[in-house]
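Q: Starting off with a structure, shown below.
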Amino acid sequence: MPFATEIHPVAGDLADSAADLLALPVRAGDDGPVVVTDGAGPDPADLDARLPAPLTELLAHYDVKGGAGQIVEFPADLGRGLVRLVLLGVGAATPRDLRSAGAALARAARGRNRVATTAALLGDGTGDARAGLTAFVEGALLASYTFSLAAEPKGPRPVPVVELAVAGADAGSEEFAEPVRRGRALARATALARDLINTPSAEKDPAWLAARAEEVAGEAGLAVSVWDEADLERGGFGAILAVGRGSVRPPRMVGIRYEPENPDSHVVLVGKGITFDTGGLSLKPNDNMKLMKTDMSGAAVVLGVLSALAELGSRVRVTGLLAIAENSFSGSAQRPGDVLTTYGGRTVEVLNTDAEGRLVMADAMAYAVAELAPDALVDVATLTGAAKLALGTGIGALFATDDTLAGALLDAGERSGEALWRMPLVEEYRDTLNSPVADLANIGTNSAYGHPGATEAALFLREFTGGLPWAHLDIAGPGRSMSEEAELTKGGTGFGTRLLLRWLSA
Ligand code: BES
Ligand code: MN
Ligand code: ZN
């Protein structure tokens, strides 16, 4: 669902704003909280007289420390009736802090009409206030994201307008407009991914997801190709077909191309697009199955990224490949013990039909290597429960065959507040994927290693990278949020969208 919230810089003092909620930033200083009233903030002397008590007393009373995202609200009479005044903690005003502050403000402002703050324009003293402004906008918009199919809307609506007060400056200048645009583009791409992820699988089948991808590509002016089941058959995509065989809703592959002039390099992004994962004949118990409409998060993230590259001025040629199938349970489903032939001819013995993600990814990755020969290959997938178990919902698992690529992604994750942790591709474990009847087995067969699930899956995928620099993001943990936390909302998070966009657009 599109954002109900608009954010724009406006010239002039906070105190003069017609907003019904005003947010004053509070830094967490070494000697206690510091309310920032310089710049476009109101005159502190004037302010004290209009508050229920002097500011310093209010800070003590409410135990304000200024930690990023801390919120304290009270009414104030700024000369035109009562307004809501918010003390908004911004910590040290790093981009991460401002992202949390923006999110907290958007939540506090639900049900209000207009909000004004000076918080977005604080820097952390390291010189790049723009990154902070972008992060604030990103946080505020993503925390206002909602997805509901309810006939009767519940809860207060997101705030329609957030004004970023800019003191004595030209609020329309590029200095402010550009970072705000960037934050908006990053948030919009993420919200697109969230919408697709949150859509129930009754509606979201492979053809539906492919059609959404075509639509999005069309709007972004990108070339797109869709392989239907007949095309997949002709092309030799035996793994995508095998996984999709159990469903009455046939699989698809989608390719989307972003091709700037004189690109610096060519990256292929591959996304796992299982529109619902029952486990197949290796059926999941209901508790594990009920969240599996989100198993196409990787594909949604890749599509979100492609949708925003032009807007963000990326200099990288990017091809997105979405490997889409429904992993269903039926008499026509693939069986444990079946052997399938992947794109390019290598065979896989399917010992567990619930390890389907790596199968569809293998076809798309092999295709990328053979037909697109990119400089780097990055895949995004809700691949293993083991990655979630190892790192929880806060951190994505990163596996990579190239240190420079890994470093760049870790750095981008740091900047976007989507943390990754690099995991080892343990060479000794490789032989666990040996099969007596095929080139590979789709799960580990040597229990001597204790079945490190995320690593086994990554080692399986590595077989299809043709030696290219490759990185794999297992987002099974952070792909979904059970709580409203900073910029996250309940349901699909679109984790990875913003980090990949930061990586691809400097
Ligand atoms: N889609 C699941 C992984 C998953 C689990 C994503 C929890 C999000 C939350 C994947 O297809 C799967 O079923 N993996 C199996 C692999 C096993 C059979 C080797 C798993 O992790 O249990
Ligand atoms: Mn599965
Ligand atoms: Zn799956």
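Glycine is treated like the rest: Cβ placed from N, Cα and C.
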Q: For the Mn(2+) 2 site that TrEMBL gives with Lys272, Asp277, Asp295, which of Glu214, Glu215, Glu356 also belongs there?
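A: Answer per TrEMBL: Glu356.
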Q: Do you see any of the recorded positions Lys272, Asp277, Lys284, Asp295 whose C-alpha is within 10 Å of Arg358 (active site), and which ones?
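A: Neighbours among recorded positions, in sequence order: Lys272.
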Q: Would you identify the secondary structure of Glu356 (Mn(2+) 2 binding site) according to DSSP, in three states?
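A: DSSP assigns Glu356 (Mn(2+) 2 binding site) to coil.
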Q: Going through the binding-site residues Lys272, Asp277, Asp354, Glu356 in sequence order, which have a CB under 6 Å from an atom of ligand 2?
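A: Passing the 6 Å Cβ check against ligand 2: Asp277, Asp354, Glu356.
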Q: Out of the recorded positions listed (Asp277, Lys284, Asp295), which are within 10 Å of Asp354 (Mn(2+) 1 binding site), Cα to Cα?
A: Asp277, Lys284
Q: Should Asp277 (Mn(2+) 2 binding site) be counted as helix, strand, or coil on the basis of DSSP?
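A: The three-state answer is strand.
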